[in-house]
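These features come from Swiss-Prot:
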type    : residues                       : note
DOMAIN  : 72-106                         : domain 'EF-hand 1'
DOMAIN  : 132-167                        : domain 'EF-hand 2'
BINDING : ASP145, ASN147, ASP149, ASP156 : Ca(2+) binding site
DOMAIN  : 170-204                        : domain 'EF-hand 3'
Amino acid sequence: MTENQLYSFITMKSSLSKCKQSSSLSFPLFGLINFFLIGFFRWVSFAQLFFSRFWPLVQHQQCVSEKKSKDLEFQTSIKHEEYRDDDDDGLCREDVGMVMKSLGLSTDQENEGLQKQYSSKEVSNLFEEKEPSLEEVKQAFDVFDENRDGFIDPIDLQRVLTILGLKQGSNLENCRRMIRSFDGSKDGRIDFYGFVKFMENNFC
């Protein structure tokens with residue numbers, strides 16, 4: 001063997017041993033990466049199989065809920081149409097008179113101010129949210145102020161609450177407490193201006 005051959009043989013042998021050392025060091029790293037990749041792909045495959053079994057159930061539930069909402073919309077529209085088609089009976093003069101009488105208002109049946117029939121639209125317009133006029137507030141005050149002394153005292157309040165069927169009106173002490181909370185002059189009664197302030201704070 002010549003020197004060149006010997007040198008190349010030694011170089012080859014040393015490079016071969018270096019390769020073996022580096023491959024023996026990299027094998028555990030590649031094995032670990034391989035293990036995690038295989039585990040990950042198995043997990044993805046299992047998850048895909050698992051969820052694919054339940055996907056038709058999810059789609060079915062979605063279809064059922066969409067169908068139910070469409071049926072509900074359809075039924076609502078049918079009921080709305082039936083309601084529109086019914087004759088609008090509204091309120092008759094006697095019904096309005098009964099309500100006015102229970103509130104202590106004049107109920108002269110011969111009064112032409114009361115119509116013979118009120119449609120449901122007219123009744124709903126009565127309850128639209130709008131700011132009451134001063135005259136309407138005065139009329140409301142007069143409902144409470146039966147003795148027309150210009151004040152609402154606990155007895156006046158109790159009378160109206162009892163007529164309206166509210167249980168708070170059954171106890172006179174409850175009525176006194178309510179009056180005290182709005183009584184600016186601390187005399188145990190509310191005057192018209194206090195009533196106006198109450199209405200402004202609560203309804204305007």
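In case you wondered, yes, glycine gets a Cβ from its N, Cα and C as well.
According to DSSP, ASP145 (Ca(2+) binding site) sits in a coil region rather than a helix or strand. Counted with DSSP, the domain 'EF-hand 2' (132-167) comes out as 22 helix, 2 strand, 12 coil. Counting residues of the domain 'EF-hand 3' (170-204) by DSSP class, helix then strand then coil, yields 24 helix, 2 strand, 9 coil. The Cβ of ASN147 (Ca(2+) binding site) lies under 8 Å from the Cβ of ASP156, each of these being in the same chain and 6 or more residues away along the sequence. The average per-residue pLDDT of the prediction over the domain 'EF-hand 2' (132-167) is 85, rounded to a whole number. Residues ASP145, ASN147, ASP149, ASP156 make up the record's Ca(2+) site, and a Cβ search at 8 Å around their centroid adds PHE144, GLU146, ARG148, GLY150, PHE151, ILE152, ASP153 from the same chain. Looking only at other Cβ atoms within 10 Å, the busiest spot among the binding-site residues ASP145, ASP149 turns out to be ASP145.
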